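Annotated in Swiss-Prot:
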type: ACT_SITE; residues: D483; note: active site, 4-aspartylphosphate intermediate
type: BINDING; residues: D822, D826; note: Mg(2+) binding site
type: COMPBIAS; residues: 870-904; note: compositional bias 'Low complexity'
type: REGION; residues: 868-904; note: region 'Disordered'
type: TOPO_DOM; residues: 1-16; note: topological domain 'Cytoplasmic'
type: TOPO_DOM; residues: 70-185; note: topological domain 'Cytoplasmic'
type: TOPO_DOM; residues: 231-394; note: topological domain 'Cytoplasmic'
type: TOPO_DOM; residues: 451-970; note: topological domain 'Cytoplasmic'
type: TOPO_DOM; residues: 1015-1032; note: topological domain 'Cytoplasmic'
type: TOPO_DOM; residues: 1100-1110; note: topological domain 'Cytoplasmic'
type: TOPO_DOM; residues: 1171-1178; note: topological domain 'Cytoplasmic'
type: TRANSMEM; residues: 17-37; note: transmembrane segment
type: TRANSMEM; residues: 44-69; note: transmembrane segment
type: TRANSMEM; residues: 186-207; note: transmembrane segment
type: TRANSMEM; residues: 212-230; note: transmembrane segment
type: TRANSMEM; residues: 395-414; note: transmembrane segment
type: TRANSMEM; residues: 429-450; note: transmembrane segment
type: TRANSMEM; residues: 971-990; note: transmembrane segment
type: TRANSMEM; residues: 998-1014; note: transmembrane segment
type: TRANSMEM; residues: 1033-1056; note: transmembrane segment
type: TRANSMEM; residues: 1077-1099; note: transmembrane segment
type: TRANSMEM; residues: 1111-1130; note: transmembrane segment
type: TRANSMEM; residues: 1148-1170; note: transmembrane segment
Amino acid sequence: MGVDQLVETIIPYNLRSIATHLYVPPFTIITAIWTYVWLNIFGYEEYYELGMLGYAAIFVILALVLLFCHWMMPVRCFLMCSKQEDVRIASHVCVIPTQNNGWPELVKLMRTTRDKQTKLWFEFQRVHYTWDEESREFQTKTLDTAKPMVFFQKSHGFEVEEHVKDAKYLLGDNKTEMIVPQFLEMFIERATAPFFVFQVFCVGLWCLEDMWYYSLFTLFMLMTFEATLVKQQMKNMSEIRNMGNKTYMINVLRGKKWQKIKIEELVAGDIVSIGRGAEEECVPCDLLLLRGPCIVDESMLTGESVPQMKEPIEDVEKDKIFDIETDSRLHVIFGGTKIVQHTAPGKAAEGMVKSPDGNCICYVIRTGFNTSQGKLLRTIMFGVKKATANNLETFCFILFLLIFAIAAAAYLWIKGSVDETRSKYKLFLECTLILTSVIPPELPIELSLAVNSSLMALQKLGIFCTEPFRIPFAGKVDICCFDKTGTLTTDNLVVEGVALNNQKEGMIRNAEDLPHESLQVLASCHSLVRFEEDLVGDPLEKACLSWCGWNLTKGDAVMPPKTAAKGISGIKIFHRYHFSSAMKRMTVVAGYQSPGTSDTTFIVAVKGAPEVLRNMYADLPSDYDETYTRLTRQGSRVLAMGIRKLGETRVGELRDKKRENFENDLAFAGFVVISCPLKSDTKTMIREIMDSSHVVAMITGDNPLTACHVSKVLKFTKKSLPTLVLDEPADGVDWMWKSVDGTIELPLKPETKNKMERKAFFNSHEFCLTGSAFHHLVHNEHTFLRELILHVKVFARMAPKQKERIINELKSLGKVTLMCGDGTNDVGALKHANVGVALLTNPYDAEKAAEKEKEKKAKIEEARSLVRSGAQLPQRPGAPGAPPAANAARRDAPPGARARAPLPPMANAAQARLDNLMKELEEEEKAQVIKLGDASIAAPFTSKYTSIASICHVIKQGRCTLVTTLQMFKILALNALVSAYSLSALYLDGVKFSDTQATIQGLLLAACFLFISKSKPLKTLSRQRPMANIFNAYTLLTVTLQFIVHFSCLLYIVGLAHEANTEKAPVDLEAKFTPNILNTTVYIISMALQVCTFAVNYRGRPFMESLFENKAMLYSIMFSGGAVFTLASGQATDLMIQFELVVLPEALRNALLMCVTADLVICYIIDRGLNFLLGDMF
């Protein structure tokens, strides 16, 4: 049964006792049968090794079954549990989450009894699910908030303590406690992962082959890597835990009295009093603001540095149903945010709660992990384990390699079994080693490093990611969608002027020349609020108020400039109907006192989309449509204004009237024309994205004509093709495409069914869809929409839900989508896109960062000079807690500076200054740790800067990660295939490597494996796009053909080695390793082939640094290659003795070097040739 966005399915189970686990009877019977066969049919003494091998095989299979129970929840449930139809008699439930929301878990079903009623519940990812008898399904018990506003306005909280207990019992308290597991617990969890278990199994096999050094070296490397990851995971979890709210006391209304309780004791339904508190005091949970407006810093949740204004619902229509989706932005204070300013509520209306301390009155609607902050914490917390590559592709690729390994192992077993004297135990061991060789120990480490390197690189660029598994998707992106306002254009809007009725000479560009009515609308119709010395609110409204020169005071009064004409008085705002994306307008009821009278004249001021206000005017200007259409075609944002004087009324009566009563019989007050300049680098970045083979589209809530103008400027649409707009017709029936200039009119769908003619229709026009047209196509012409949507470059007048639907439609067509928005209106689209990037509005961050860096450098320089003068460093160099900046100062310390005698009094001032500098630098280093505000609830990727250059960075890193993964698979596959041959055919010739040789080989190639994942992307995106997956003609062909070349080289060189090997002693596989010409030849050429594989298959440009630019990788290949050449040429005799090698004959040595050179050249030609023909080269 589907439950919610987090949980897909819940299946009830009962745990079986160990004796009744389904795997116990089969293995008991198999073990008994094998014992009988071995002892009574084969014979104990004659087939001792065979008997032990049988037991070993049974034990390994049993261990695998148990591990599969641990790894795979369906297997565990099938073998260890019995399914229950009735959840009420179940002991556990198997919880399967929705895609990308964690992993399945078998959780205990809890039972809590109260008042003779039993509550069935369980906890999954810190969310409580309770069994509901009526609906017969598990539900997250949250407060039902879909109630009329009057319910909340008249609420007085819990009047009886019993009701508090009931709410706590049903809905839970406000705890957001996170328990960080112990190191050992987390290490065991990682140590039972499939790859780790497999690697430990391989280490055991190598030990049986008497390769102790190599086995222990590999095991140490694996355990160190896993321990490092566990430590990092624990650190991350500790930081997440610290992000939770710190406890403090809060005023709550219970039993008709105000009392102080801890924030953890709050329950949904409480009434609280909250205001600006201490620095560390965050809002404890999600609150509905009942009385008293406030300004909130939401940067901890959204990352936005601009404070948000929150309005109380005390003046909202009583019958309006509260919708948490649409009303939360204006009326809900989210948990984890901070109130930076609040206004004491006014006189309480009848039935409303009075504030005990002048703070805001709020209603608790969500607590604990059900809050927005709780959801973000869970996203980060349960996203820790997601830093992996495509597991399905990895598994399939290993299966592909396993085919070769099985063939090699079968060859060895058949050939080896011919000789009856050979040990079957040794033969079986060698066959097992061949099968395991196709999964290199480096694979999981490499895949983790590739993703983690990209994470770190993005962090340095100010881009933070909560879902690392999405990084490779960025390399596969087909279409990039952008919001317009605030994303492509700046927030620094410019008011061009006001166009009035029949204004033939253009628009009024000076506010002083405006009619009084137009000024009144501009000055009063806004949601701005004064915060300290700044205005907080919509950038468009700030631009309008600034342009007309009026000044907003703290009491919602707007005062004219001192230079204003006589007779113009200030305006007091009494009631606001805030702007919403759905209604596309804002209405304000305000009042002013005419000169010489104390009576208040009330006015209604309305501002919004011209097409929405069109039917609200008492007298519509004749050129209304023509004027706003002409202005929007020029790329300007146009808002219509209307005003109406109200008759005599009282302030109290205003609140009782509905919005519709005010929005009619308006007088036209003009069109305010606003230009939205493009960001300085938007054109350059869009060109780079388009030049890198991506389709681009704009999804905006703005006017279609304005959006089409911007799309033409940015070359989303071609100037040579007409842009057709589909908008709602006047009759609502005849849907027609109309060109922006009005010269072309075409039917909705091309009448022809001929594919070529339809293709010509789509290719000869550019398309723009409006929100109403999109709604029509979704519900009436969905087949045509799927055909059309990939050709639409502009989506205008789109509501947030429609933006989300567009992304889902594109994904359903198999397109990998990227959405870039501002993180507020675009949350749904950002979440549903394969790659969602939220740009935060922090225009001064870059400058501040540069200033801080400058200050830091100055401090380091001052510290260095103090050290040179003899001041003593407060911490030893290289200490675990020492910041890099402190270490920079230490580098210039004179010898013995740390261990000097106590300083003379005259040096105390310098010493104190140095100590302070070091403390400041250390604090700065600590401040760079990621905080909750760095991540956003809006999107998987959050950029701290407003530039869409972030999109290019994300795509570059995505491509780099994809290509790195692909080249790693190629290299590891080739090495595994060569290894499989060496272990099979050559094993029968007596070829084996010593423990020392295997260890040295591992050490030499370890650096290559490390630096291959550290590749950095290029500074610009390439036109070519990387292949999206491992399984393609290029990869399979290049691996196969390169292996054939390697195989041929091995055969040729081994043949020469056999001829050069004068010692023709019979092969003794049990004998202790002794170096000879054959062993030495195979060891050197196998190492040489592996180095060649790295050199040939390193991808480099156009997606990442070339081999010559990646110095670390180049030097590691050169060092390994140099070591191989030295050994092959026989120049370092002592080194060869140390490596247990013999000096090769000159003819064999020369042949070997020539063969390796030929292998390198031929493999390079094969790889680049196939890439040119089948790959992503051109």
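Glycine is treated like the rest: Cβ placed from N, Cα and C.
Using a cut-off of 8 Å between Cβ atoms, the transmembrane segment (998-1014) and the transmembrane segment (1111-1130) share at least three residue pairs, counting only pairs 6 or more apart in sequence.
Fewer than three CB pairs closer than 8 A are found between the transmembrane segment (1148-1170) and the transmembrane segment (186-207), and contact between the two stretches is not assigned (pairs 6 or more residues apart). The CA atom of D826 (Mg(2+) binding site) is located 8 Å away from the CA atom of D483 (active site, 4-aspartylphosphate intermediate). Across the residues of the topological domain 'Cytoplasmic' (70-185), the predicted structure has a mean pLDDT of 85. With DSSP states grouped into helix (H, G, I), strand (E, B) and coil, the topological domain 'Cytoplasmic' (1100-1110) comes out at 0 helix, 1 strand, 10 coil. A Cα-Cα distance of 8 Å separates D483 (active site, 4-aspartylphosphate intermediate) from D822 (Mg(2+) binding site).
Candidate recorded positions: D483, D822, D826. Fewest other C-beta atoms within 10 angstroms, D822. Residues 22, 77, 80-87, 89-98, 101, 106, 109, 124-125, 127, 129, 137-140 of the same chain lie 6+ residues outside the topological domain 'Cytoplasmic' (1-16) yet bring a C-beta within less than 8 angstroms of a C-beta in it. Within the chain carrying the topological domain 'Cytoplasmic' (1100-1110), a Cβ under 8 angstroms from the stretch's Cβ atoms is held by residues 959-960, 962-964, 1011, 1014-1018, 1022-1024, 1026, 1117, all 6 or more beyond its ends. DSSP assigns D826 (Mg(2+) binding site) to coil in the three-state reduction, outside any helix or strand.
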